[in-house]
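I have placed the structure first, in the form of structure tokens, so that the comments after it can refer back to it.
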Amino acid sequence: MATKFPSFSQGLAQDPTTRRIWYGIATAHDFESHDGMTEERLYQKLFSTHFGHLAIIGLWVSGNLFHIAWQGNFEQWVADPLHVRPIAHAIWDPHFGQGAIDAFTQAGASSPVNIAYSGLYHWFYTIGMTTNAELYQGSIFMMILSAWALFAGWLHLQPKFRPSLAWFKNAESRLNHHLAVLFGFSSIAWTGHLVHVAIPESRGQHVGWDNFLSVMPHPAGLGPFFTGNWGVYAQNPDSMNQVFGSTEGSGTAILTFLGGFHPQTEALWLTDIAHHHLAIGCLFVIAGHMYRTNFGIGHSIKEILETHNPPKGTPGDLGAGHKGLYDTINNSLHFQLGLALASLGVVTSLVAQHMYAMPSYAFIAKDYTTSAALYTHHQYIAIALMCGAFAHGAIFFIRDYDPEANKDNVLARMLEHKEAIISHLSWVSLFLGFHTLGLYVHNDVVVAFGTPEKQILVEPVFAQFVQAASGKAIYGFDVLLSNAGGAAANANAAYMDGWMGAINGNTDVFLPIGPGDFLVHHAIALGLHTTTLILVKGALDARGSKLMPDKKDFGYSFPCDGPGRGGTCDISAWDAFYLAVFWALNTVGWLTFYWHWKHLAIWSGNVAQFNESSTYLMGWFRDYLWLNSSQLINGYNPFGSNNLAVWSWMFLFGHLVWATGFMFLISWRGYWQELIETIVWAHQRSPIANMMGWRDKPVALSIVQARVVGLAHFSVGYVLTYAAFLIASTSGKFG
């Protein structure tokens, strides 16, 4: 007899109800909980999944390259990136009539296609690709890489090739390898690609597999490198009137510090980018020699942490300091994952900021829809990663934290001071919430009663001061970099011309701000602090609280501990994650609304609309949401359809998915159990239907599972709705 799913849990496999299926899916990746799991086996399985992950990423990249080469218009776009719309892929089956077929036959295509808003065209062009053949080659290369990664994943599950537990626990060697080899070498290798391929292509000099060994990236060759005369590589940069992709105005420099943007492409100078990657690569290679391994040189992280104690009598004494942290972190995969997710979350948010403020890809700043899509995409990913970081932090406290091993160290002190931490976050959230909402509501009321001059408008003077210190002249502060003859400006003379031109020019670096920005900044701060409050409380209370001191014994996710201890519902660490996701989505909504509306106003040359309407609530509802929905909603109507029709449909569908979430969030398990029992009864008493039997007795989802289904619908619907709105409202205006 075939083994029932799930094979990793005999207890679940023998469950006679449909709980077997849903719990099996829910715990499939919780390797720690599987039957017969050892610590070594756990690490080995996780190690192999990393190769699977890499294979999926490689396959995805390969698919993008392949479809753009096959069905896109890359070569036409390269010839005129400002006027040709990039094609993502063909639409094979537009079965909605001739009107729609005509509407989606766009961007010079002869059949229906989708427009690309991914920025991939800009990236491929910037890094030196100009032909479909090169895209195909890249696609095949990534396919081979994926196959290799899959093989590596399989290989490391074979008995002979499974790394030992000691190998996984060797933190210093792993850090050195990741820093020097993965980060360091790959950064230097990327510099090599930019210098040898991308920069020559940007100057009209083709470099490919046919000639890369014979084309010198710099006329002086390697001579200056070996003689230490490195300044030669920065001489003769591209001129301010260089035409990207041609010899016109091109220089010979390969590593520069120009600052600012290429006037035609409005992207960072490629030679500046190459310099950046070389510098950061060298730093990482040095960092990768920092930790002591079997060579006996460098630092021992454990020694550093053990001795990291403040002198006795220091105010705010840290107790045992960082004692015990090395083993605590090194023995907890959840702690490590929490740190990794938090770091990646911050980096992803920074990527969102930098991709629009300091774009590195040629002409991407002129593709408004792509800029908006990429900003929004990266901020949404950032909130997901940050919520995950705290979730795994909480799991660490429940499964991995050892109070004895961490006696009186900084981790134990966090737990001891949790009341102070949580109550301060609560106070900040309340303060921000009441004051910000109070200002918005006041302004809304006075505008509604026809006296807009009675609004309370606060200039963000401190933020304006920071912008002025960075060189923005519009406010007249005359401080630091905006003080032309000052010491700060002189000290940074190397890149000052380019930077000052950028910050005071028509770019996205430090946009002018006013009272509307001040208010929405504090609304976003409210969202961030409230999300943080929920997440931090969930992690710090994960082991127990005054209400439920034995909470850790119930695990990460539990619905309640029955009616006998009234009030134990909704307090598991999982519930904190669940509640935080709603606030995180709320926050990223305000953040992306702000970014998008401010940019729509700038791009359309009507900054007054944002400045005047963003100071009261109805301004946001009417002049941002309602006004920008109109084109979208008319994507299809009784009179026909246009090329926004697909986004109109997605907008409606997103609302449907989102609203479905409430069905699971509002009704509890008993309702569904009764409904299921009634449906089973009806099946059993109906002809034909009664021929069908259930191998598993149908039962309702658990409370926690129903919540996760509700949360998934809410989140996915939220994302689909806003994505459709964002893309349609931007592309409908700017094409």
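Each residue, glycine too, has its Cβ placed from N, Cα and C.
Since this is a predicted model, take the numbers as computed values, not measurements.
Listed features, source Swiss-Prot:
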- 46-69: transmembrane segment (TRANSMEM)
- 135-158: transmembrane segment (TRANSMEM)
- 175-199: transmembrane segment (TRANSMEM)
- 273-291: transmembrane segment (TRANSMEM)
- 333-356: transmembrane segment (TRANSMEM)
- 372-398: transmembrane segment (TRANSMEM)
- 420-442: transmembrane segment (TRANSMEM)
- 518-536: transmembrane segment (TRANSMEM)
- Cys560, Cys569: [4Fe-4S] cluster binding site (BINDING)
- 576-597: transmembrane segment (TRANSMEM)
- 644-666: transmembrane segment (TRANSMEM)
- His655: chlorophyll a B1 binding site (BINDING)
- Met663, Tyr671: chlorophyll a B3 binding site (BINDING)
- Trp672: phylloquinone binding site (BINDING)
- 708-728: transmembrane segment (TRANSMEM)
> Rounded to a whole number, how many Å is the Cα of His655 (chlorophyll a B1 binding site) away from the Cα of Met663 (chlorophyll a B3 binding site)?
Replying inline: 13
> Can you name the far-off residues of the same chain, 6+ from the ends of the transmembrane segment (518-536), with a Cβ under 8 Å from a Cβ of it?
Replying inline: 383, 386-387, 390, 421-422, 425-426, 428-429, 432-433, 435-436, 439-440, 458-460, 463, 576-577, 579-580, 583-584, 586-587, 590-591, 593-594, 614-615
> Would the transmembrane segment (372-398) count as touching the transmembrane segment (708-728), if touching means at least three Cβ pairs under 8 Å and pairs must be 6 or more apart in sequence?
Replying inline: yes
>> How about long-range neighbours of the transmembrane segment (576-597): same chain, 6 or more residues beyond its ends, C-beta under 8 Å?
In response: 356, 372, 375-376, 379-380, 382-384, 386-387, 390-391, 394, 517, 520, 523-524, 527-528, 530-531, 534-535, 537-539, 541-542, 610, 614, 620, 623-625, 707-708, 711, 714-715, 718, 722, 726, 729-730
> Across all protein chains in the structure, which of the binding-site residues Tyr671, Trp672 has the highest Cβ count within 10 Å?
Replying inline: Trp672
>> Test of understanding: applying the rule of at least three C-beta pairs under 8 Å (pairs 6 or more apart in sequence), is the transmembrane segment (708-728) touching the transmembrane segment (644-666)?
In response: yes
> To the nearest whole angstrom, what is the C-alpha distance linking Tyr671 (chlorophyll a B3 binding site) and Cys560 ([4Fe-4S] cluster binding site)?
Replying inline: 18
>> Using the alpha carbons only, what distance in Å do you get between Met663 (chlorophyll a B3 binding site) and Cys560 ([4Fe-4S] cluster binding site) once rounded?
In response: 21
>> Taking only same-chain residues 6+ apart in sequence, whose CB is under 8 Å from that of Cys569 ([4Fe-4S] cluster binding site), what do you get?
In response: Pro559, Cys560
